[in-house]
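Here's the structure we're looking at; comments come further down.
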Amino acid sequence: MSLLCVGVKKAKFDGAQEKFNTYVTLKVQNVKSTTIAVRGSQPSWEQDFMFEINRLDLGLTVEVWNKGLIWDTMVGTVWIPLRTIRQSNEEGPGEWLTLDSQAIMADSEICGTKDPTFHRILLDAHFELPLDIPEEEARYWAKKLEQLNAMRDQDEYSFQDQQDKPLPVPSSQCCNWNYFGWGEQNDDPDSAVDDRDSDYRSETSNSIPPPYYTTSQPNASVHQYSVRPPPLGSRESYSDSMHSYEEFSEPRALSPTGSSRYASSGELSQGSSQLSEDFDPDEHSLQGSELDDERDRDSYHSCHSSVSYHKDSPRWDQDDEDLEDLEDLEDEELPEEEEELEEEGEEELEEEDLEEEEEVPDDLASYTQQEDTTVAEPKEFKRISFPTAAPQKDDKVSAVPTEAPEVAKGIPKAATPEEKAAAERAQEAEPPKSEESFRSREEEEGQEGQDAMSRAKANWLRAFNKVRMQLQEARGEGDMSKSLWFKGGPGGGLIIIDSMPDIRKRKPIPLVSDLAMSLVQSRKAGITSALASSTLNNEELKNHVYKKTLQALIYPISCTTPHNFEVWTATTPTYCYECEGLLWGIARQGMRCTECGVKCHEKCQDLLNADCLQRAAEKSSKHGAEDRTQNIIMVLKDRMKIRERNKPEIFELIQEIFAVTKSAHTQQMKAVKQSVLDGTSKWSAKISITVVCAQGLQAKDKTGSSDPYVTVQVGKTKKRTKTIYGNLNPVWEENFHFECHNSSDRIKVRVWDEDDDIKSRVKQRFKRESDDFLGQTIIEVRTLSGEMDVWYNLDKRTDKSAVSGAIRLHISVEIKGEEKVAPYHVQYTCLHENLFHFVTDVQNNGVVKIPDAKGDDAWKVYYDETAQEIVDEFAMRYGVESIYQAMTHFACLSSKYMCPGVPAVMSTLLANINAYYAHTTASTNVSASDRFAASNFGKERFVKLLDQLHNSLRIDLSMYRNNFPASSPERLQDLKSTVDLLTSITFFRMKVQELQSPPRASQVVKDCVKACLNSTYEYIFNNCHELYGREYQTDPAKKGEVPPEEQGPSIKNLDFWSKLITLIVSIIEEDKNSYTPCLNQFPQELNVGKISAEVMWSLFAQDMKYAMEEHDKHRLCKSADYMNLHFKVKWLYNEYVAELPTFKDRVPEYPAWFEPFVIQWLDENEEVSRDFLHGALERDKKDGFQQTSEHALFSCSVVDVFSQLNQSFEIIKKLECPDPQIVGHYMRRFAKTISNVLLQYADIVSKDFASYCSKEKEKVPCILMNNTQQLRVQLEKMFEAMGGKELDAEASGTLKELQVKLNNVLDELSHVFATSFQPHIEECVRQMGDILSQVKGTGNVPASACSSVAQDADNVLQPIMDLLDSNLTLFAKICEKTVLKRVLKELWKLVMNTMEKTIVLPPLTDQTMIGTLLRKHGKGLEKGRVKLPSHSDGTQMIFNAAKELGQLSKLKDHMVREEAKSLTPKQCAVVELALDTIKQYFHAGGVGLKKTFLEKSPDLQSLRYALSLYTQATDLLIKTFVQTQSAQGSGVEDPVGEVSVHVELFTHPGTGEQKVTVKVVAANDLKWQTSGIFRPFIEVNIVGPQLSDKKRKFATKSKNNSWAPKYNESFQFSLSADAGPECYELQVCVKDYCFAREDRTVGLAVLQLRELAQRGSAACWLPLGRRIHMDDTGLTVLRILSQRSNDEVAKEFVKLKSDTRSAEEGGAAPAP
């Protein structure tokens, strides 16, 4: 991707001024940009546009359009090929291009233009160049260019030519060979954006590294801009060089710091503090003076060294000879031993398996930790791998280039597991590109064979794929997870289900904290010392720093003599030494030092900080006052002697730090003292100052702007820049040179606003400063060394000054005698690092000694008193800022960040560093990132340090249980501080670096905690048996060795899971009680205890689910074992997981795992319950069904049965299943168990119940009925306990159905029990009948006779009352209320029915036999009841019985004999009164049956209705019969023939008299057999009220032997005018005429006249039935009428309705 910058400047058009209103459009790669519209023939736009270009074979289309009223017209166009556009980092003056009028098209794309116009446009287009490649790399490319130029015999090209050539497009780094560790020399280890911290990068750079480097340079405040021009060379050659290098690059031996051959570590030039040690030139590195020589060479701005080419790039088809030459050249450069090692490495990689531990050489380990930040996967964690110790937040895998060198220092190195993992992730991120790129490169090699490098790449790919497969297997990605469950184990015996498992929490065991893990960590904690302590081995630098330290400490600034100022009066115009302003006033104008004579304003005296003694000595020596000088020198000598005598420990410590011998130290002390005495008299330096630019200046002009310029003064020499008009962010780029001979001088840089108005001219007359002051910065010369590029904040001069902004200066100082030394900041770094190394590693065995300091500035105290004084005095002497000191100490501590107490110190340090940069003051508006960029420590260096520290902290937090054991309060405090440090790093990235969305510290820690928990779970899972035995096994007998195959999960037992739950609980408890209070910085976002529970449960749930599925297939354990495990899992979930936000509103899965086993247990439980039921009933039977207690009316079998059921239900209930669906399944199954058990109980009781009733023991049947009722009561309670209305619908239905069945059983038992009293009741009622028959009197009873009626009623009731009284009293005592009411109901029915049948409606004639027959037909005595509203089969049954016995005909004779027992009205009154008494008795004052029930009882109503019928007239009874019996002839299923009749109904209009005319037409299909002649005739009867005086019957003539006779005879009946047709009916009867005997009935039919009431007439076929159908009401009317022997109409009616088809005789067959 390249950045194309296009500036549209102006244009010149041929035409009138007013004709044009134009705008410009730019099109490239489907992107279009447009300028504003400008009027005139010479418009000026001055607009810049930027495009991202990834194809250089296209072009930029520029079109100029003229705006119109309706549409726009094109003025002209020009097409610029992208290849022709120059590369530059600066804007050019632009180029005038002629516009053409037409575009040339090819394949629908513009490829040029034609037909020029007279219009022209000024455009400036250039590609941006990459910035800041390391100087070393620049020299390398320059060297390559020279070699290629020599090979091709080409001379230098001009720089302009070079600019005009296109820059090849660099490919994305996501697709280069750094994935596989090749071409690592192309990778810049110091690139901040290309850092390997994937978590950090994934949120800041979208996982795509930028195409160019931004490499840090030594002592750089901002970037080190090159001040030398780049070397001239062929752009073509340069491109080819890049191409070839990419194609044939080979792995190189790495330097000890891990920096590559050509890409410097970012700190190599200018005596860098990052230089680890001197290099040998043969090993492609720099040493000694060669470094200095190289420093003078030209640097070159190169593009990113991993540039690759597309096939359509301009130089793709270059001749191959260049490439071959380069290949030969590079082969020569590769040492032989490296080639051999390459081959060895290939073999090793092919044979290598993924091992548990790998030994890495120290230097390589150092390299790996510094440069390759891929995280070493802890060996004991086999389930998970976390590349940066924290899982990615999204599914994208960051494409992080991973360096994997094959050789270092001649030692072969195989790929470490970390690198394999990184390679795997990279391969997963972009496998297609990598393979395609690899294939394309292989094709380029040709068919002859591959060179060594290509073979190495192929081997790498093979090894990588192999490792990738192994990693997949190791992670269990194959189908191997289920094999876990096929391991054997001891079987468990039957145990009682423990619904409250005792998961022991007696102590939070440090399972993984203090116990040795299965493998040791391969990575040492701490950032590599190569980064933090780069100066330890630089002896030359150390020697120089040693001298400078002595110099700073022998006469420290803190001991300098202050000026002795006094008020002074100037006699001549005098100027302030500090601000150079005139000392105004007549007298006492300023201050003057009595010792050295310096004069200044009163306000400026504090700005003069030079040592008065040294200043006096300098002044005296210059003016020849030797005596005075000698005095001062003596004072200085004395002071240094006193210093040395009073503070000997300081100089001894300095000697020990730099390991200087005693004699050498003594000599050096003398030399240092002499240099101090010499002061500045022999000191001189050349200072070069470049005023680069300024930002954020104050606006002083009325226009809201300023015209700034800068004055620079060193000593008395003052220079100024040019003025930049109207700009608050001016750029000057002006260089000034000074010579300085006084180290106490200061550089005064002041910014002014130039004014050229009258006011300023007047001001100039009176003041030396006519311009407005914009700010200043004062720089001590003695603090300068080497080269510096620094932003300085502009300071005020007085309190009234309005100042803002900052100025950037590039300062180069060459001090005489110190031309080649490092800058003072680098020297300070050397001092600090060596001091830290000495105090920590030498004196304290690697443990950081933390000083005891308090107060606001405690963070600035890094060592104890002596060492702290050394660094402070050095910093003060040489101008090292306190923030630089802090950053340096932070870098030192980062190498020991795992030492006790260090994280807290680092956290405080970084917090103060953050505050320094992020908290801007009112005096400056420079952003935090700009302030940080101006840091002398080096922006990139510090960012990289933080990135690597961040990465390492994440790794260690991902093993917090190891690194910060809960048993150590000190380490827990370190853990807390470590998180604080992470938070400070995040704050730094957000506020100082100003990154958009750095990873939140809380999220990072959360990911680390999860990673640690993952590995902890894996560890306890794999070592469950051993850990449990060690911590919890108290029984020595159980501590025996268990075979390895039985230590894991088994399908034969469940012990493993119980132990695992115990261990999980201990882990969660440890996190909850130890780590949660410690990591409390993010209360809303991070709770370690909750995360622990969540992760542990998630992993446990996954394994448990698979295990239970496996167990479900085999079922080798007892159901009780599964239930016990279920309770433990339930407890674990409820105790730790249920309230977690993730699971709170979710139905957990664990009940589903155990559902089949719970159902199995319920199945088994039903069998147990049934066996228990039989046992309980047998015991109860033996005991005689005794009451369980005095107050309980039921026996113990009910209690036993429900105790067992309740226990079973309690177990189900205690499962507390949170899944409603599964609860429903359990309830359904348990409801079936309840139903089966209780119904079995009821069946057993029902079978034997009758036998208990037959004995003269009323108590046992009552107890059994009470038991049944108690079943119903307990069932209702259980229904409520199971959920009541909320219970599953199916289970609820089962229990309700069971309740109905038990109710029916109770009804049946009550009926059976009551029926056992029937013989006694019948006997009593017969006695009542006999007493009633003796009651005399007819007609209605007068009021005066009421008392006699009551007396008669009492007499009549006497027998039944005696029976009821004796029994009901007993029942009330031994029956439950519900049972008692049921028994009373049955007895009530029995009494009522018996009275009705025996007294009110006695049976016809042969009562006993008819009663017996009725019972035989299954209807019992109750069939005689009157049921007014309903129809039943009672009538038919009676007639059937009568027919079978031939007794119905006796009904016809009934009235002839005097056997009928017809009740008189008085007797009816007595019966009525007796009924009321019986009713009151059964009500029993509310204890018995309810009055409403008794009143509405159908039995009572039937009896009363029968009594009421006794008092009704015959006509009324006949009318009732006709109106109620509407189905006498209907429903004839088996007709015996049919009769055709025509009926007409006529009403006289005057009298209202009604007549019915009946025409008998014919009969048909008569079914009759007779031995004689068949003579059918038809008889028609009219039935109804008030017909006693009218003719009621007609008959036709008979027909001989005709089964379908025709009659056509008409008859007329007269009806009463008082009753309507609905009260009458016609009964048609077909008979066989017999001469000598009674006619035989063939069939009967009834036609009710109500059907003709509307129509008036009807012709119809009437089917003939065998008898008349009637209900109980009809039968009752018939029986009452049958007792009226003196009533002809009644007798005739009874005979008519009781007639049935006669018996047939065998004879002739019916006619067809």
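The backbone N, Cα and C atoms fix where each Cβ goes, glycine too.
Remember, it's a predicted structure, so these values are computed and weren't measured experimentally.
Summarising the annotation, Swiss-Prot assigns domain 'C2 1' to 1-97 and lists sequence analysis as the type of evidence. As a summary of secondary structure, the domain 'C2 1' (1-97) carries 6 helix, 57 strand, 34 coil according to DSSP.
Annotated region 'Disordered' per Swiss-Prot: 185-454, in sequence order.
Feature annotation from Swiss-Prot assigns compositional bias 'Basic and acidic residues' to 193-202 (among others).
What Swiss-Prot lists as compositional bias 'Polar residues' is 203-224.
For 264-276, the entry in Swiss-Prot reads compositional bias 'Low complexity'.
Here Swiss-Prot flags 318-362 as compositional bias 'Acidic residues'.
Positions annotated as compositional bias 'Basic and acidic residues' by Swiss-Prot: 416-442 (among others).
Counting every protein chain shown, the Cβ of Cys576 (Zn(2+) 1 binding site) has 23 other Cβ atoms within 10 Å. Feature annotation from Swiss-Prot assigns Zn(2+) 1 binding site to Cys576, Cys579, Cys604.
What Swiss-Prot records for Cys593, Cys596, Cys612 is Zn(2+) 2 binding site, and it gives similarity to another entry as the kind of evidence.
If you look up Swiss-Prot, you'll see 668-792 marked as domain 'C2 2'. Over the domain 'C2 2' (668-792) the predicted model carries a mean pLDDT of 84.
Taken from Swiss-Prot, the feature Ca(2+) 2 binding site applies to Asp701, Asp753, Asp755, Asp772. Its Cβ placed at the centre, Asp772 (Ca(2+) 2 binding site) has 20 other Cβ atoms within 10 Å. According to its DSSP assignment, Asp772 (Ca(2+) 2 binding site) is in a strand.
Taken from Swiss-Prot, the feature domain 'C2 3' covers 1535-1662, and the record attributes it to sequence analysis.
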Length of the line joining the Cα atoms of Asp701 (Ca(2+) 2 binding site) and Cys576 (Zn(2+) 1 binding site), in Å: 28
Candidates Cys593, Cys596, Asp753, Asp755, Asp772 (binding-site residues) - the one closest to Cys604 (Zn(2+) 1 binding site) by CA: Cys593
For the domain 'C2 3' (1535-1662), the number of residues DSSP places in helix, strand and coil: 7 helix, 65 strand, 56 coil
Spatial separation of Cys612 (Zn(2+) 2 binding site) from Asp755 (Ca(2+) 2 binding site) - C-alpha basis, Å: 38
DSSP-derived helix, strand and coil totals, residue by residue, for the domain 'C2 2' (668-792): 23 helix, 56 strand, 46 coil
Cα-Cα distance linking Cys612 (Zn(2+) 2 binding site) and Asp772 (Ca(2+) 2 binding site), given in Å to the nearest integer: 33
Local backbone state of Cys593 (Zn(2+) 2 binding site), from DSSP in three classes: strand
Sparsest Cβ surroundings (other CB atoms within 10 Å) among the binding-site residues Asp701, Asp753: Asp701
Conformational class of Cys576 (Zn(2+) 1 binding site) under the three-state DSSP mapping: coil
Spatial neighbour of Asp753 (Ca(2+) 2 binding site) that is closest, considering only the binding-site residues Cys576, Cys579, Cys593, Cys596, Cys612 and their CA atoms: Cys579
Euclidean distance between Cα atoms of Cys612 (Zn(2+) 2 binding site) and Cys579 (Zn(2+) 1 binding site), Å: 18
Protein Cβ atoms within 10 Å of Asp755 (Ca(2+) 2 binding site), excluding its own: 18
Per DSSP, three-state class assigned to Cys612 (Zn(2+) 2 binding site): helix
DSSP three-state assignment for Cys604 (Zn(2+) 1 binding site): helix
CB contacts for Cys593 (Zn(2+) 2 binding site) [other CB atoms within 10 A, all chains]: 21
